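Notes for the one structure printed next.
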Amino acid sequence: MFVKMCSGSAAEAADTKKPMSRTLALAVCSAAIGGTFQYGYNISIINSPTTYIEDFINSSCVERWGTALETTQLTFVWTFIVSAFSLGGFFGALLGGPMAVRLGRKSSLLLNNSFLVIGAVLALTCRLAKSFEVLILARFLVGINSGVSMNVQHMYVVESAPKHHRGAVVFISAVFTAFGIFLGQIVGLSVLLGTEPHWHYLLASNALPGLIQLVTLPWFPESPRYLLIDRSDKEACMNALRSLNNGEVPVSEMDEMLQEQEQLKCAALNSGPETSALTMWSLFWNCDLRPQLIVIVVAGSTVMLCGIDAIYFYSLYIFSQAGIPSEKIEFVTIGTGACELLASLFSILLVDRLGRRALLIGGYSLMTIFLIVLTVALTLETKHVPGMPYVSMVCVFAFIIFFGLGPAGVTCLLPAEIFDQVARPAAGMICGSLYWICLFLVGMVFPFMIHTLDSFCFLPFMVVCLLTAIFFCLFLPETKGKTLAEITAVFGKKAEKGLKK
């Protein structure tokens with residue numbers, strides 16, 4: 001027994017020292033270009049052609065009914081076009097779990113591009129059809145694509161990577177989100193596709209990353225964990241591991257998967273029916289997984305309720321108040337996307353050094369501080385205190401940087417890392433659904449918050465960030481470098497302490 005333990009530890013130490021293989025890195029990039037990249041890109045490209053789309057809506061109404069919409073009606077239709085993406089994402093998050101279980105992770109990602117291609121065709125032809133309803137449907141389908149991919153992609157990359165690389169591969173996915181936002185800001189410039197004659201080409205340009213994924217992803221293997229545990233195909237699992245690890249089968253990874261498979265078989269014998277993926281409702285009623293469930297509910301909600309999209313929205317006003325000419329603001333705004341991209345790149349170096357818990361707590365704590373300073377600066381700005389617009393600009397960039405360093409990447413990692421193979425799809429559905437619901441709510445409510453709270457409009461987000469930092473400090477254990485069994489045991493100890501209290 002002692003010899004076996006020592007040999008296992010030695011094998012694990014040897015595996016940990018190995019760098020990420022080129023095949024694994026390319027597989028992660030291929031999954032991300034049609035996944036998190038699409039989310040960032042589609043969030044970004046809708047901003048620059050706002051005026052042109054509103055003109056298109058009015059011209060469609062004039063041709064159809066002989067009169068233009070009133071201002072409030074136009075605002076409602078425009079808001080619905082923007083929100084259709086979030087609603088589609090919500091349904092996509094619910095669809096992603098069953099797809100991942102029935103079709104597999106890789107096949108689900110490939111099939112998911114059908115929603116994107118149809119949406120791109122509709123966006124391209126909406127002007128020809130003279131129908132803003134076609135544009136609403138296009139954004140809804142693109143939202144479904146993003147909802148499915150953001151759920152399934154994280155399952156695929158986490159299940160494909162050795163445990164010492166899991167943090168890095170998920171943060172690579174977060175880098176692609178930031179890269180999508182950044183590239184969308186660039187492509188949407190008025191000197192490129194952000195013009196009246198070309199805005200429909202801008203909205204349809206999301207088909208190109210989807211086509212790249214369709215061409216590249218088939219060359220990479222399915223998730224090894226899915227092949228072994230869901231399909232009971234050990235040989236295919238080992239072939240996938242060899243492909244992803246330079247021709248070798250990592251001993252520690254194979255042992256961990258076999259251990260999880262054995263635990264699930266024992267659970268099936270004890271409970272009676274054959275082990276199958278949990279549904280969302282069965283996960284809600286599972287007392288053993290309640291601590292993990294609470295963590296992802298909080299994480300999935302607060303990553304949008306923290307105010308990151310509100311900051312992006314309000315940055316235009318802050319930049320204009322700082323005296324930046326209106327024709328130059330779109331170029332300065334690119335700096336916000338560049339900040340999140342650079343922060344996400346840097347976070348890859350930090351996630352397996354500092355750990356997930358430290359990045360989440362530190363990120364939300366510093367975001368709280370900068371929201372307080374931003375609120376003070378905006379209040380003093382109304383009293384014409386000199387220099388405050390520049391303080392506000394610094395706070396905007398700092399908030400985006402610390403969001404990119406922590407919450408942007410770690411939140412996506414949690415459902416895939418703290419749940420087993422049976423519960424992981426349902427956990428991703430719950431986390432993803434909350435993510436999209438909160439994105440929808442912030443998009444609908446924040447414009448009214450600006451009018452009601454004025455310079456204090458960021459205070460609700462500050463409270464959310466502060467409470468989130470406290471929650472993770474109290475209830476989230478560190479998961480860096482731990483197996484699923486070790487993570488589950490830590491959560492179990494925390495639950496026992498809570499019951500004793």
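Each residue, glycine too, has its Cβ placed from N, Cα and C.
Per TrEMBL, the feature domain 'Major facilitator superfamily (MFS) profile' maps to 28-480.
TrEMBL lists 24-41 (among others) with the feature transmembrane segment.
Residues or ranges marked as transmembrane segment in TrEMBL: 76-97 (among others).
A Cβ distance under 8 Å defines the sequence-distant neighbours of the transmembrane segment (109-130), meaning residues of its chain 6+ beyond its ends; these are 31, 34-35, 38, 56, 59-60, 63-64, 92, 99, 103, 137-142, 144-145, 148-149, 152-153, 156, 200-201, 203-207, 210-211, 213-214, 217-218. Here TrEMBL flags 109-130 (among others) as transmembrane segment.
Here TrEMBL flags 136-157 (among others) as transmembrane segment. Using a Cβ-Cβ cut-off under 8 Å and counting only residues 6 or more beyond its ends in the same chain, the transmembrane segment (136-157) has close neighbours at 27-28, 31-32, 34-36, 38-39, 42, 46, 80-82, 84-97, 99-100, 105-106, 108-109, 112-113, 115-116, 118-120, 122-123, 126, 169-170, 172-173, 203, 206, 210, 223, 412-413, 415-416, 424-425, 428-429, 432, 435-436.
Positions annotated as transmembrane segment by TrEMBL: 169-193 (among others).
Taken from TrEMBL, the feature transmembrane segment applies to 199-220 (among others).
The transmembrane segment annotation in TrEMBL covers 293-319 (among others).
Under the heading transmembrane segment, TrEMBL lists 331-351 (among others). With a threshold of 8 Å between CB atoms, the same-chain residues lying at least 6 positions outside the transmembrane segment (331-351) that come near it are 44, 167-168, 170-172, 174-175, 177-179, 181-182, 184-186, 189, 311-312, 315-316, 319, 324, 359, 396-397, 400-406, 408-410, 480.
TrEMBL lists 358-378 (among others) with the feature transmembrane segment.
Sequence annotations record features per position, and here TrEMBL assigns transmembrane segment to 390-414 (among others).
Listed as Cβ neighbours of the transmembrane segment (426-450) (distance under 8 Å, sequence separation of 6 or more from its ends, same chain) are residues 79, 82-83, 86-87, 89-90, 92-94, 96-97, 100, 143, 147, 150-152, 154-155, 277-280, 282-283, 292-293, 296-297, 299-301, 303-305, 307, 309-310, 313-314, 411, 414-416, 418-419, 457, 460. Taken from TrEMBL, the feature transmembrane segment covers 426-450 (among others).
With a cut-off of 8 Å between Cβ atoms, the residues of this chain six or more beyond the transmembrane segment (456-476) that come close are 291, 294-295, 298, 302, 305-307, 310, 314, 356-357, 360-361, 364-365, 367-368, 371-372, 374-375, 378-379, 446, 449-450, 494. The annotation transmembrane segment is assigned in TrEMBL to 456-476 (among others).
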Which whole-number mean pLDDT does the model give the domain 'Major facilitator superfamily (MFS) profile' (28-480)? 86
